[in-house]
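In what follows, a single structure is set out as C-alpha cells and then discussed.
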Amino acid sequence: MTAREPIDQQQAWRALSKHAEAMREVHLKDLFQEQDGRHECYTRRAAGMMLDLSKQRWRDETLDMLLDLARAADVPSAINRLLSGERVNLSEDRPALHTALRLPADAKLEVDGKDVVPSVHRTLDRMATMVAKFQAGQWRGATGRAITDVVNLGVGGSDLGPLMVTHALADYRPRDVHPVEVHFASTMDGSQLADYLLRLNPETTLFVISSKSFTTIDTLSNARTARDWLFSHLADGNDTNGLVMRQHFIGVSASPEKMSDWGISECNQLEFWEWVGGRYSLWGAIGLPIALAVGMDNFRALLDGAHAMDRHFATAELENNLPVLLALAGIWNVNFLDIRAHSILPYDGRLEYFASYLEQLEMESNGKSVTNEGRSVTYSTCPVLWGQLGPNAQHAFYQLLHQGTQPVECDFIAPIRRYDRVEDEATRKHLKGQHRLTLANCFAQSRVLMLGDDAIEDDGPRPSHKRYRGNQPSTTLLLDRLTPETLGALVALYEHKVFVQATIWDINPFDQWGVELGKKIATQTEQILTSHEGIESLDDSSRGLIEAVWRESDY
Ligand code: F6P
C-alpha cells in the first residue's frame, strides 16, 4: 500500500471542515422543518433492516461531501482488498478474513495461493457433528452420564460474541433435543467460574476453552481451576485424568500445539486461523457455544445473514451502502461536529450484551492514534462508545443525554415485529403490547433528543431545569424481526462500519498493540506481589497499594 496524503489535508476534509462551521449552528428541528420527506430521503434498506439516518445533523450537501471523503480515502478499493483476502492488517502482515467464515461452500477465496473455503466448511461440519452428539445426549462425561452443561471459558472476542449471540437468539433454542445449557465465565478473578462450580455437577459439565492464542492468562487461570475441580471430583488416578480430559474439555484456538500441550485431545480441538481477528471470530469455531445453544441450522442462518450484509457491502454503491453511511455519520459527528461520545441503545431485552460486544469491536479496533504509515494522527478517531438496553438506560443515564453538557450520538436499535411465535394467545397479546410500548419509548426518546422542548405542544413557560435543548443526533435501525439472519447482518453491518471508518482515518482496525504493555506490567507486578521482591522499583502509589495488600492478607 502506498503512503497517502493525510486525510485531514485533503480537499474533501477541508470542505467538510468549512461546511461544519455553518452546520454547528443548525438545530435538528430546523433541518426537519426545511426538508419535507426527510425520513425517506435518509433511509436505506438491506438485509432485513432499515437504517434511518434522518436525525443526523446533516444536509444533502453534507452527505455528498462525506461521500467525496470516502472516495478520497478510496473506500471502494479498500472494501475490495478486505474481501479478497489482501493483507490489510499491516502491522501483523496478514489478511482479516472474518468474511471468509461466512462464505457459502461453493465459493472460493485464496489466501497465499490456497482456497480457504473448504477448511472453513470442514470446521463447520466438525462443529455440526459435535453439536449433534450433544443434542442426542451422546456426549458423555467420565462417569457415563450425558453432558447437560457447557461452560465457555474465554475473554474478549472469545467470550463477548458468543455470549451476545447466545443471549440474543435464546428464542431459537431447539426443543425435542437433549437439553444442554450454555454458560460463560470470563473474569480472571474466577468469580463467575466459582459460582458455576458451586451449582453445576462435575459429572455432567464440559468446558470449552476458547482462546485464539491459547496464552491468555485470564482464560488459562479459569481453565486450570476447572480442570482441578473435575480431577478432584471425577478422577482417581492418571488413567481417569485422561478420560476426564477427553470427555470434559473442548479446545478452540488458532494454536493446535498449545491446545495439545495443555492436554486437549486432538479429536476435541477446533481450529481457526491467524487471519481471523479475536473480536471478529464468532463466525467460526469460537461460535461453538452459539451452535450448542441454538442448533447448527440457526448458526448457519446467522452466517447467511452476515454473508448477505457482506454482499451488500461489496456491491451497493456508496450512497446506498449501509455500513458506509453508518460510518460516515460517525465521522461527521466525531471529526466535524466534535461529538465524541456514542451510545448504543437496543430496545429489545435479547440484545442485552450488544453494547458490550460493540465496545470491544469498535474501541479495540479503532482506538488508535497512529496511521498505517506510523504517523501520529492529527484528528480524532474512535469515540467513547458505551451503552445498555435503552428502556433500562432511560432510568439510568438518559438524564445526561437530555440535559447534560456532553453531545452524544445515539444508535437506537429495535425489531419491528416480536412475539409472533408465542403460542398462548393471551400471553402473546400482552407481550405484543409490551413490545408496542417499547417501540413507543424508542421513538419518543429519539424524538425528544432531536427536538428538545419542541417535542411537546407549548405548555407554557417552564423553569430552566425543566427545559430540553434537543439537537442530539441519532440513528434508528429497525430490524424486521430479530432472527439469526438479521442478527448476523446487524453484526456484520457494524464490523464493516468499523472498517470504513478505519480506512478514512488511515488506521489499522485489526491489531491491538495497546493492550500488550498492560499484560507485561501485570506479569511483573504479580511477581512482586508473590515474591515480595523488587517493590522499590515501583512508583509511590503502586508501592502503597501493594503494601496494603501485604499488610491485610497472606499474599
Ligand atoms: O487482550 C486483548 C485480546 O487479545 C483480544 O483482542 C482478544 O479478543 C482477547 O484478548 C482474548 O484473546 P484470546 O482469544 O487469544 O484468548
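Here the Cβ of each residue, glycine as well, is placed from N, Cα and C on the backbone.
Quick look at what TrEMBL lists:
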type     : residues : note
ACT_SITE : GLU364   : active site, proton donor
ACT_SITE : HIS395   : active site
ACT_SITE : LYS519   : active site
Should HIS395 (active site) be counted as helix, strand, or coil on the basis of DSSP? coil
Pick from HIS395, LYS519: which of these active-site residues has the biggest number of other Cβ atoms within 10 Å of its Cβ? LYS519
Quick check for the class: what is the C-alpha distance, in angstrom and rounded, between GLU364 (active site, proton donor) and LYS519 (active site)? 15
Would you kindly give the Cα-Cα distance separating HIS395 (active site) and LYS519 (active site), rounded to the nearest Å? 36
Applying a 10 Å Cβ distance cut-off over all chains shown, what neighbour count does GLU364 (active site, proton donor) have? 22
